[in-house]
Amino acid sequence: MDKPSFVIQSKEAESAAKQLGVSVIQLLPSLVKPAQSYARTPISKFNVAVVGLGSSGRIFLGVNVEFPNLPLHHSIHAEQFLVTNLTLNGERHLNFFAVSAAPCGHCRQFLQEIRDAPEIKILITDPNNSADSDSAADSDGFLRLGSFLPHRFGPDDLLGKDHPLLLESHDNHLKISDLDSICNGNTDSSADLKQTALAAANRSYAPYSLCPSGVSLVDCDGKVYRGWYMESAAYNPSMGPVQAALVDYVANGGGGGYERIVGAVLVEKEDAVVRQEHTARLLLETISPKCEFKVFHCYEA
């Protein structure tokens, strides 16, 4: 537990909590400070970490990630990282999280895409952050997320009550025809990346634009990473598919630099009104100039 991974299994979490004589919920704040060292903040030098407890009993980490020489909106916020980590690992709900600094409005909004978001419990470990005096903390010091965004705008305003939300199962029923490729050649490696990106696109959460997309990355050791587009009802806090795949890379790539990423595939609809190709290309060309980037167009079967 001295060097926490980005996912801590439930039995390991229970064991660590027992050793410290605390509950698993009380364990969360103690993991925040060591997790801050995992942040990648070459611009702000302000490391943020968030540690969340899912309904499965597993603990998940999130950190902020910044990209020099790019507009700031390409950045990954710690709470976005956490939610992406949850989706990549099939976690169905976030129950509690402890965070090193109060979530910005961007992240408070993004978290609304989780079902029953106002009931998620949050603890801010920074002693300089004082809670709203009208908000009542529980016995462990956690507050309802609803107290941080009391008059929320979210999926309830735009979607039916039974529509699957961000952490819930999705299948967008997308397929690819080889004729839709806009690249030349097709090695076994690129075929695998294409299938991984297609699978990611099928898990994409895009209920507002109906423009799902997915990305796969491969590093110089042949290890593959993936991520998918996740929308916010407020649009701007949405998580891009490349950023989501980079969460997988940061969490599972052994701490290497982005120059180790040598290949990338994006799958999206050709007629999408929200397209990822141009911004994805800019991001990848900036962080890994030698990365070979390919785009495949999909259609709904």
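Cβ atoms are placed via backbone N, Cα and C, with glycine included.
Of the listed candidates (His74, His77), Swiss-Prot assigns His77 to the same Zn(2+) site as Cys104, Cys107.
Using Val65 (substrate binding site) as the reference Cα, a 10 A cut-off selects His77 from the recorded positions His77, Glu79, Cys104, Cys107.
The distance from the Cα of His77 (Zn(2+) binding site) to the Cα of Glu66 (substrate binding site) comes to 9 Å.
It is Glu79 that, of the recorded positions Glu66, Glu79, has its Cβ surrounded by the most other Cβ atoms within 10 Å. Other residues of the same chain near the substrate site, with their Cβ within 8 Å of the Cβ centroid of Asn64, Val65, Glu66, are Ala39, Arg40, Thr41, Ile43, Ser44, Val48, Val63, Phe67, Ser75, Ile76, His77, Ala78. For Cys107 (Zn(2+) binding site), the nearest of the recorded positions by C-alpha distance turns out to be Glu79; the candidates were Asn64, Glu66, Glu79.
For Cys104 (Zn(2+) binding site), the same-chain residues that are 6 or more apart in sequence and have a Cβ closer than 8 Å to its Cβ are His77. Its Cβ taken as reference, Cys107 (Zn(2+) binding site) is surrounded by 25 other Cβ atoms within 10 Å in the chains shown.
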